Amino acid sequence: MQGFKIARHFELPTAPSQFFAGSSLNRLSFLRSNREFLNKAFYDHTTRFLPFCDLNPALLVKDDKLVTLSYPQISKYFTFSPFEHTDKQIAERFSKGESLPVLVYMGNEERNGPTDNWSQHNVFAIDITGIDELQQSIRDNGGTFVNLRSIFTEQYQLSASDSGACAFARSILDWISRYRFCPGCGKRNIPTMGGTKLVCSDVLLNDDSNCPSKKGINNYQYPRTDPCVIMVILSHDMQHILLGRALRHPKGLYACLAGFLEPGESLEEAVVRETYEESGVDVEKVLYYASQPWPFPQSLMLACFGIARKNAKIQRDKDLELEDVRFFSREEVLRSLEWDAKDGPAPILFPPKLSIARNLIQAFAYDDWTNSQVKM
């Protein structure tokens, strides 16, 4: 990236708040190992439990609100409190055939503002997959289990706080379901720390266990987040935008280029590499814009703007993941963004309004991604 000088300091505006990133809960991560606190929260009459079935949250469709349950509504499914026992005691009971619904401590609502008293108004997620009776009760009371992708596409009007809570809960529940058994030795894992850590039952039950997880911190013992870059690449004169069309996209839909970061790679390097591999376009400047949690299953979208080198040309002879890649003018993008649906399909279709991809495209179209200009 040599030969590039910034004439003036970039003043990136505050990016709009992203869907899935608006939870108002105080996660209280420092209390996740406090069994006494979690046990009191579990039984407290003000605690809310958010039910999930097959990773889908329960929604009161008429109100666009999440279904919440109280302890009396779930108590019959808990033969014992998961927080009144040590991890070893729970492993012993599970080894004898007992089981419990998976719980994830999500945080405190802090309804009256920041506080040091978190004894009330706590929130858990509860996985009720397989508990048909409770699922039916929720449906009988106006609830329905909704695929989170449907919520994302604006079919429902979920609040920012609820969307953030759903993203957190779904990601953790998905992680727990994928790692029911220890990758190190194959024995059953036991959720602990409010559902945010997994401990191998063999380690808990056998002092002479040879499980690799006993020998240090492993990436399967804690939830992971996979970083992805998603970028709007601008032409050198910053008047055109590079978008691609994936084979799986509906006809006419163009979106930002994107891809996972690889080990030993910086954010900027990933933007340059992914753009080159998918389009052949060389990028000489990368600017971070915003991020969006993406709970499918546990990704974090890192949105960036990139500036293409002068006279950069599209060459699609490397990664053929995309069906088409092209530069669009600001006028073309604006025309499609402001298209009246009554006139039929827009010339260019874009990702849903709640996506960070759409926010990036709009930031370019309305020229509000920077308050100054760059000279090459």
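Keep in mind that glycine also has a Cβ here, set from the backbone N, Cα and C atoms.
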Further binder of substrate named by Swiss-Prot next to TYR222, ALA258, GLY259, PHE260, GLU274, GLU278, taken from the candidates GLU321, GLU323, GLU331:
GLU321
Of the binding-site residues CYS182, CYS185, CYS200, CYS211, which one has its Cα closest to the Cα of ALA258 (substrate binding site)?
CYS182
Positions on the same chain near the motif 'Nudix box' (259-280), where near means CB under 8 A and six or more residues out:
226-229, 231, 233, 242, 244, 286, 288, 302, 304, 306, 313-319, 321-322, 325
Could you tally the C-beta atoms, other than its own, that fall within 10 angstroms of the C-beta of ALA258 (substrate binding site)?
22
To the nearest whole angstrom, what is the C-alpha distance linking PHE260 (substrate binding site) and CYS211 (Zn(2+) binding site)?
30
